[in-house]
């Protein structure tokens, strides 16, 4: 239903301003797609390169021939062309898995950005409704659009809420442990090569950007829905006919509650939630660093 709604939104007539808003959001989604694919490709190449520098979890046939993953092979992989075939298959598998993984993020961003664009267009229509010659028709269309957008957000919510809860929990734990490990390596308290440090930093940046982008688009959705409420309030509904004012008040009551995509029906995906997760995560990281210093001091 959501994809059909997006298709219908692009087909129906619209003003130049509304088209510009939709194109702007679509360009943001496209830029995010390009960034994700480029970042994944770069990280994969880095991972392959670091494997040759002695990264852990590898299967070695010779010092210069290292597989991406350690596993049990039922054939003699030291013989050619078995090594080359398995290595190429592992590279293809990594790219396929990671691209499928980020496809879920890209799809979420595309949906939410489109809905935020429609909310922005809805706000502009409400801002101009008092000067419209067909008030009843415009108001009816506005109510139908708003209801449809609310239903679309509910569909996204049901599809992503559990995933987002897992993502927030995973990011909180990963942020704590990853930063702790990076600082431990930098301070020289862990015997790891520099390549491991660089790879850890790259992975952390990737996960941080992924989680923060969820929060950014979620915040954009909430902000746009709040602006719809303000647009209804600014329609001078006190000076309208009682029937028209009543219809506007119904929209105001529904838009009073911002549209959120939540994590597990518990926490709205916004920048505030993201910052709170970071705050808690860094608190635990500080505790780990303190315990590590105490242990080193006693030693």
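Each residue, glycine too, has its Cβ placed from N, Cα and C.
Transmembrane segment is the annotation TrEMBL gives to one range among 235-258, 259-282, and that range is 259-282. Long-range contacts of the transmembrane segment (162-186) within the same chain: residues 104, 192, 196-197, 200-201, 203-204, 207-208, 211, 214, 261-264, 266-267, 269, 273, 277-278, 280-282, 284-285, 288-289, 292, each at least 6 residues beyond the stretch ends and with a Cβ under 8 Å from a Cβ of the stretch.
Counting only same-chain residues 6+ beyond the ends of the transmembrane segment (85-115), those with a CB under 8 A from a CB of the stretch are 2, 6, 9, 22, 25-26, 28-29, 32-33, 36-37, 40-41, 43-44, 47-48, 67-69, 73, 77, 149, 152-153, 156, 160, 163, 210, 213-214, 217-218, 220-221, 259, 261.
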